[in-house]
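Database features (Swiss-Prot):
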{"type": "DNA_BIND", "residues": "27-121", "note": "DNA-binding region"}
{"type": "COMPBIAS", "residues": "203-212", "note": "compositional bias 'Basic and acidic residues'"}
{"type": "REGION", "residues": "1-26", "note": "region 'Disordered'"}
{"type": "REGION", "residues": "132-186", "note": "region 'Hydrophobic repeat HR-A/B'"}
{"type": "REGION", "residues": "203-223", "note": "region 'Disordered'"}
{"type": "MOTIF", "residues": "201-216", "note": "motif 'Bipartite nuclear localization signal'"}
{"type": "MOTIF", "residues": "256-265", "note": "motif 'AHA'"}
Amino acid sequence: MMNPFLPEGCDPPPPPQPMEGLHENAPPPFLTKTFEMVDDPNTDHIVSWNRGGTSFVVWDLHSFSTILLPRHFKHSNFSSFIRQLNTYGFRKIEAERWEFANEEFLLGQRQLLKNIKRRNPFTPSSSPSHDACNELRREKQVLMMEIVSLRQQQQTTKSYIKAMEQRIEGTERKQRQMMSFLARAMQSPSFLHQLLKQRDKKIKELEDNESAKRKRGSSSMSELEVLALEMQGHGKQRNMLEEEDHQLVVERELDDGFWEELLSDESLASTS
């Protein structure tokens with residue numbers, strides 16, 4: 001039957017065709033989310049592709065479980081994630097680290113995800129008991145790795161707490177010594193006088209030591225070299241620098257040694 005609305009001699013247009021790929025099955029959300037998670041360069045320190053882009057590696061198990069899994073899958077169960085990988089045919093290819101591979105899960109080949117099919121729970125070549133044993137072995141391995149990671153975190157936390165306790169203990173000890181020092185200084189004027197004598201003695205010892213060191217250093221230069229430095233004006237500058245260094249050494253020794261000795265329990269007891 002001719003179409004009355006078409007001009008004479010014109011062929012009718014071809015019927016509409018379905019869009020290419022319209023009826024193709026989209027990859028499962030688990031595979032899509034896993035691909036996006038592995039492909040994100042911002043989290044390469046946690047999970048990333050291997051060098052060849054044929055597998056992915058979980059580098060930081062703790063961060064992967066506590067940060068990435070909740071972000072993409074709304075849970076933090078690494079064992080559950082491993083079970084999902086197994087159902088889609090992924091295999092663990094490295095015994096010493098969490099590295100997984102699938103022939104259709106490749107870097108830059110997102111379109112291949114649709115080829116990954118979910119495996120049937122039972123196949124004719126395997127018995128239910130055999131599959132259950134393999135699943136239990138994989139879960140045991142996952143749990144053992146999680147235990148190792150938790151123990152490492154626990155050890156790190158213990159070391160940090162111990163260091164903080166030592167710092168607090170040292171601060172409290174210095175506070176007690178300072179309070180004892182101030183109390184005795186207020187009660188006995190002779191106490192302060194004796195401490196000042198100790199300080200002067202300490203300064204004199206340091207000055208004598210520094211003078212001896214300078215003399216030994218100067219003796220290594222000939223009189224002609226010293227005279228040449230004096231004529232060029234470097235001798236005075238050298239002496240000024242030596243005096244500044246000497247003053248810094250004395251102040252540092254007093255800060256590091258004198259007050260540490262002064263605030264010690266033995267020193268406070270001997271001056272009382």
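In case you wondered, yes, glycine gets a Cβ from its N, Cα and C as well.
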Arithmetic mean of per-residue pLDDT over the region 'Hydrophobic repeat HR-A/B' (132-186):
82
Within the region 'Hydrophobic repeat HR-A/B' (132-186), residues counted as helix, strand or coil by DSSP:
55 helix, 0 strand, 0 coil
